[in-house]
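What Swiss-Prot records for 20-53, 425-446 is region 'Disordered'. According to Swiss-Prot, the phosphoserine annotation covers SER58. Here Swiss-Prot flags 68-90, 110-140, 145-168, 172-195 as zinc finger. Taken from Swiss-Prot, the feature motif 'Nuclear localization signal' covers 132-139. The Zn(2+) 1 binding site annotation in Swiss-Prot covers CYS147, CYS150, HIS163, CYS167 and rests on similarity to another entry. Taken from Swiss-Prot, the feature Zn(2+) 2 binding site applies to CYS174, CYS176, HIS189, CYS193, supported by similarity to another entry. Per Swiss-Prot, the feature region 'SHR-binding' maps to 182-194. Residues or ranges marked as compositional bias 'Polar residues' in Swiss-Prot: 427-446.
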Amino acid sequence: MMMPDDHHPLSFPSYVLHQEHIAPNPNPNPNPTSSNSAKRKRNLPGNPDPDAEVIALSPNSLMTTNRFICEVCNKGFKRDQNLQLHRRGHNLPWKLKQRTNKEQVKKKVYICPEKTCVHHDPARALGDLTGIKKHFSRKHGEKKWKCDKCSKKYAVMSDWKAHSKICGTKEYRCDCGTLFSRKDSFITHRAFCDALAEESARFVSVPPAPAYLNNALDVEVNHGNINQNHQQRQLNTTSSQLDQPGFNTNRNNIAFLGQTLPTNVFASSSSPSPRSASDSLQNLWHLQGQSSHQWLLNENNNNNNNILQRGISKNQEEHEMKNVISNGSLFSSEARNNTNNYNQNGGQIASMSATALLQKAAQMGSKRSSSSSSNSKTFGLMTSIFNNKQAENIKTKEVDERGFTRDFLGVGSQHRSWPLLMVNHNLPDSSPPASTDGTPTADMNQ
């Protein structure tokens, strides 16, 4: 029973003393440089040993297949050792080169036969014969071997065989369509391709032509609709003035420039325009014509204070309309939303020069200022209101039509697709007749 107790105090101090005498080894390999120095250092390509023998071969000697030829059978061999073994078969003296420890083998280096090549310099010579052969073939030789899959050519057979094994198994395709078999080449090309794409993305792209034309067309149509709504309000104002006592109005039909147009034509004109290009362009022409007429009406209101003064009797109005239809020029107009076609009656406007018309306008202006009882000439734009065959009174704007030239009124040799102002130059000048109730009325035949 005392043995464990005696053994324990004896064994524990001895274990402690043993651990104290053991010193750790910080460097398990105390002499690593000695083993590395014993290894042979490989020279870098193009950095030969200064003590090496430099050999310069001609292109023919370098690229020849069999440099060593047997003098008996003219068989060629790549190495001299192979030739010596072949000579033994002919019972010729042969000798293999044997190396001894006493002999110092001098290292050989080869330069490229191409004078413009960087490896033609002895300081950049290549260290082995096989390496200089492949270099000359790759850089300066003919590419004889072609891949059947990708049609890529190689000058060295070993390169062609290595490529044939991996061709088509793994490829890297760029977004531009270029194929790469090597990942590093693909990454380099992809970086350049992405930079080119970012540079091209900075340029501002041209908007599509159809969308641009549609937007511009919509702006013009909306602007025309605003002008048309303004004219519609003025037309309503004129109609309200016609509702005064002494005027009997009926808005079922409106005679415009000698043409009887239903009132729904003007109502439909204020509706939203269609999206088609042809309807929109037609609407623009129609609105432009109406805007020019409205401008002429406003200008005439500023210069004439006696417009819409007297009513016209039934006989006078019927007689006036007959003269207008027989002498005036009638133009056709097509409603945009209603496909109603109106007949076009040809007419001729008296051929007068612009100077003559202006002189005539000055003369007529002096007559109006001198005589308070004289009435203005009939203005081209007439707004007559009819109800079947009943006589109606109308307010008409009277101004000398000879005071405006044909070009100014927009009445030319060509016909328009919208109603134009009609000017009658052939009506004789006469004094206004008196009505049955004694009130002077405007004679439309003036």
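Glycine too: its Cβ is placed from the backbone N, Cα and C atoms.
Structure coloured by features recorded in Swiss-Prot.
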{"residue": "SER58", "record": "phosphoserine", "DSSP class": "coil"}
{"residue": "CYS147", "record": "Zn(2+) 1 binding site", "DSSP class": "coil"}
{"residue": "HIS163", "record": "Zn(2+) 1 binding site", "DSSP class": "helix"}
{"residue": "CYS174", "record": "Zn(2+) 2 binding site", "DSSP class": "coil"}
{"residue": "HIS189", "record": "Zn(2+) 2 binding site", "DSSP class": "helix"}
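Helix, strand and coil counts under DSSP for the motif 'Nuclear localization signal' (132-139) come to 8 helix, 0 strand, 0 coil. Note on the zinc finger (172-195): residues 150, 163, 166 of its chain, located 6 or more positions outside it, place their CB under 8 angstroms from a CB of the stretch. For the pair CYS167 (Zn(2+) 1 binding site) and CYS174 (Zn(2+) 2 binding site), the Cα-Cα distance reads 17 Å. Annotated Zn(2+) 1 site CYS147, CYS150, HIS163, CYS167; additional same-chain residues within 8 Å of its Cβ mean position, judged by their own Cβ, are ASP148, LYS149, SER151, LYS152, TRP160, SER164, ILE166, GLY168, SER181.
Note: the zinc finger (110-140) comprises 18 helix, 3 strand, 10 coil (DSSP; helix = H, G, I, strand = E, B). Secondary structure counts, DSSP: the zinc finger (68-90) has 10 helix, 4 strand, 9 coil.
Counting only residues at least six positions away in the same chain, the Cβ atoms of CYS167, GLY168, LEU179, SER181 sit under 8 Å from the Cβ of CYS150 (Zn(2+) 1 binding site).
Residues ASP175, GLY177, THR178, PHE186, ARG190, PHE192 surround the recorded Zn(2+) 2 site, their Cβ atoms falling within 8 Å of the Cβ centroid of CYS174, CYS176, HIS189, CYS193, which are themselves excluded. It is 20 Å from the Cα atom of HIS163 (Zn(2+) 1 binding site) to that of HIS189 (Zn(2+) 2 binding site). Taking Cβ-Cβ distances under 8 Å and a sequence separation of 6 or more, the neighbours of CYS147 (Zn(2+) 1 binding site) in its chain are LYS153, TYR154, TRP160, HIS163, SER164, CYS167.
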